[in-house]
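Down below is the structure, laid out as structure tokens.
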Amino acid sequence: MELIQLIIGGIATGCIYGLVALGFVLIYKATEGVNFAQGDMMMLGAFVALGMVNSEFGALPFIPGVILAAIIMGGVGYGVDRFVVRQIFGQPHFALVILTIAMGFVFRFAAGAIWGFTPLVLETPFAGNTLNIGGIIIGYEDLTTIIVTALLTLSLWAFFQFTKLGLAAQASSQNQMAAYIVGVPVHRVNSMIWALSGAVSTIAGVLYASKGAIDPNIGLLGMKAFAAAVIGGFGSLPGALLGGILIGVVEPIAARYLPGGISQMSPYIIMLAVLVTRPNGLFAQIYAKKV
Amino acid sequence: MKVIFKTSYDNDIDLHEDWWDRGKMIALVAVMAVLPFFLGEYYMAEITNTLIWSLAGMGLMLLVGHTGQASLGHAAFLAIGAYTDAALMNVGVPWLVAFPLAGIAAGVFGAIVAIPAVRMSGIYLAIATLALFVIVEEAIIIAEPITGGVGGLFAPSITIAGIDFDRYASLNNFYWLCLAVVVLVTWLYANLMRSPTGRSFLAVRDSEVSARALGINITRTRSLAFGLSCAMTGLAGALMGHFITFFNYELFSVFISINLLLVVTIGGLGFIQGAFFGAILITAVPQLIAILRDGAMSTLGLDLSMPGLDTLVFSVILIGFIIYEPTGLYGRWLKIRFWLELFPLARRDMFRRQKTYLKTERMK
Amino acid sequence: MSLLEVKDLAVHFGGVKAVDGVSFSVEEGEVFSIIGPNGAGKSTIFNLISRFYKPTRGTIKFDGRDITHMSAHEIAPIGIARTFQNIELFDHSTVLDNLLMGRHTHRNTNWLQDMWFLPKVRREEREHRRVVEEVIEFLELEAYREKLIAGLPYGVRKVVEIGRALAMGPKMILLDEPASGLSVEESQEVAYWVEDMRRDMGLTVLMVEHDMSLVNQVSDRVLAVAQGQPLAMGTPAEVQSDPQVKAAYLGTEVYE
């Protein structure tokens, strides 16, 4: 019984990891770049939503407030790509890694300067309510997290599979030059994807904030999301989600049944194990370079 | 512009192409050696810190700049160096033995870790090193009997042949010790880069395919580079431990890894000199910020003591460099020098970067 | 005994039979060319010999030794050097350093000795440089010795590739389209060099090439392949008059 309770809580936490991981994967799938600031984008998204919704700030109703926050963060994502990332278009991946790490620090500073470093609580309509199914207690926020995540993943998958923008993004990631030649506006597609990723991480941030207080350092959660993305293969949307859930479930179980310290290490140990055994992730998409 | 008339292969093999260049290097070391006679304690401590950062930076430079592998977790190897050195000295091992052992421990650990890690390419390696860092950090907390756990560890002062090298009591001696270590490591590093080993590093960096066709064992070369890089960083960690004297795991945070990356990228990837340029910047900027902050407080009454301001300034500098000068401070210096040599013949477009397109290695 | 013996070589990528049942042998001191339309599997054969691809079937023997299951980096030390169709040089190094990297298999020092730059390291460096200077002289690269690859014109880069392979001091050299993208004069130079490699250096040359005038001029024997399968083998004249070869070239694939 206790185990089931742990697993359900783990799945909900894992969904949040998974959502942040989705943000990584979106950008990676479309632009082949890795955004190390994803965790900080989630943090900033949570704060922007908090700024819209909480009574001492914007005091908007919850749903419109969150949607507005997602739109703003979409704009931030677009802007980051348009004014910063695009400047290094075509440079080695390593440059982007460092650039986005630096961007993360800028976000963290911005959030700290505006909302301060003391933890704040987002006011949500579903906080505190629980559902009791045969002795197992599920919080409304956990239930919402799981449902929203499932819907979001499904629609993102459909986006890449069926929409013009999604297909264009896939094309430009495989060969930017060729995509240009056949008329894909590579720059704009990349910026749109960054915007989308910003919006998705806002949702993740709001769900995270619904489970507890937030401060500008929660962006470090991005590292766990990273592990989730790697376990899932880094190019696969469902993979990222599954990776997140795996980590989310393993963590509380390790904390409960294994000696101290192992729990904090567990996401990274799993990730290293995956990297070592399958250097390209579980759902690998990378093939050897052609000579 | 200087033109060298080469008369033997040794002209190319030697580290410096003529006596003028060699003289400049000797003069630099000589000036560094007499600095304690002219500068006060505050500046000597800062310069010592810069030297230690240069050493750590060289470690990462070998990996990132010369072998083309990214590491986001090099603070872990600083930590291994610092803890090995301090723990050994605490059980009575003399510094002259503990210090090389600290380097070897970090190097061997790095090389072992590298064997699976080097199978991964680019981004995956960066992530794996980040994970490794978190694991090492947790392991330090758990291994309390050796590391002092959360409480931390005291690095005893160094004594060699009765001479005291304590960081506070005899700072100048400690400075000379650091200088000697840095000069020696720099010389070894430069030697490596002009030998077949260094060329194999560059080969692996620039084209794995042809490196293999030339008979270079990629896995072995990368592991070697990883090990040597970690060893250098480990040595820096040991010195850093003595410099801080009392430290716990928090000294080696993820920010230190990022700062190290900053050192190599801003300094200039692919140049040993870049590590020094970067180290100067990273140690000087916080001081400058502090001075400016005091200035703003006293003259304008402005309170700029926001937390994270240092990191913000670093981040902005980093972003600026990556966008506008990817070759770093050293690259900029080379361009300025070249421009002066050619004056007034240099053209504006001489250093314009070519537009590049990213072509993926992904096929599906 | 032949220097290189390829027997019933095949590699399949999924359902695609890139190379399917190719056999040939190259004698010592011979210039052997492989021709065929685009996508015929010529470069794949090279990649199989230099062990970048694992063959699905068949054996490759070099100098009496079975190399079918060796690693890619073990091929250079036994005396096989190669160039690449799409130039794979070390862009951030000078021409001289690129050629010196070709000497890797001849190094007898380890990293510890290199680090302290012992007298032995210096002696070896001098020897490497002597060999490399010979190559530079042979290919007339003196003017570019200290230039970075990134700033060199295409034609010169192709020559540096050949130079790097020669600096390896191989028994056999694999040239993957050495004349593609070169002007008529430049490819004529390549022809002279190939002849010199054989005559003066005693090298065996295995070449993939589209330029039929170059092939005719230097090759002793030619193998024509199409769609991964061998069509004909013999002197250049024999192969060119083969009806199957004509069909393969004049058929649908000619403008591909």
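Cβ coordinates are placed from backbone N, Cα and C, and glycine is handled just like the others.
TrEMBL: automatically predicted annotations, no manual curation.
These come from TrEMBL:
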TRANSMEM  B:25-44  transmembrane segment
TRANSMEM  B:51-72  transmembrane segment
TRANSMEM  B:92-115  transmembrane segment
TRANSMEM  B:122-143  transmembrane segment
TRANSMEM  B:174-192  transmembrane segment
TRANSMEM  B:224-245  transmembrane segment
TRANSMEM  B:251-269  transmembrane segment
TRANSMEM  B:276-292  transmembrane segment
TRANSMEM  B:312-331  transmembrane segment
With an 8 Å cut-off on Cβ pairs and a sequence gap of 6 or more, do the transmembrane segment (B:51-72) and the transmembrane segment (B:251-269) reach 3 or more such pairs? yes
Mind checking which residues of the chain, 6+ beyond the ends of the transmembrane segment (B:25-44), have their Cβ under 8 Å from one of its Cβ atoms? 16, 171-172, 175-176, 179, 183
With pairs 6 or more apart in sequence, are the transmembrane segment (B:122-143) and the transmembrane segment (B:251-269) linked by at least 3 Cβ pairs under 8 Å? yes
Sequence-distant residues near the transmembrane segment (B:174-192) by C-beta distance (under 8 Å, 6 or more away from its ends) are 15, 29, 32-33, 35-36, 44, 47-48, 51-52, 54-55, 58, 62, 158, 165-167, 198, 228, 232, 235, 239, 242-243, 272
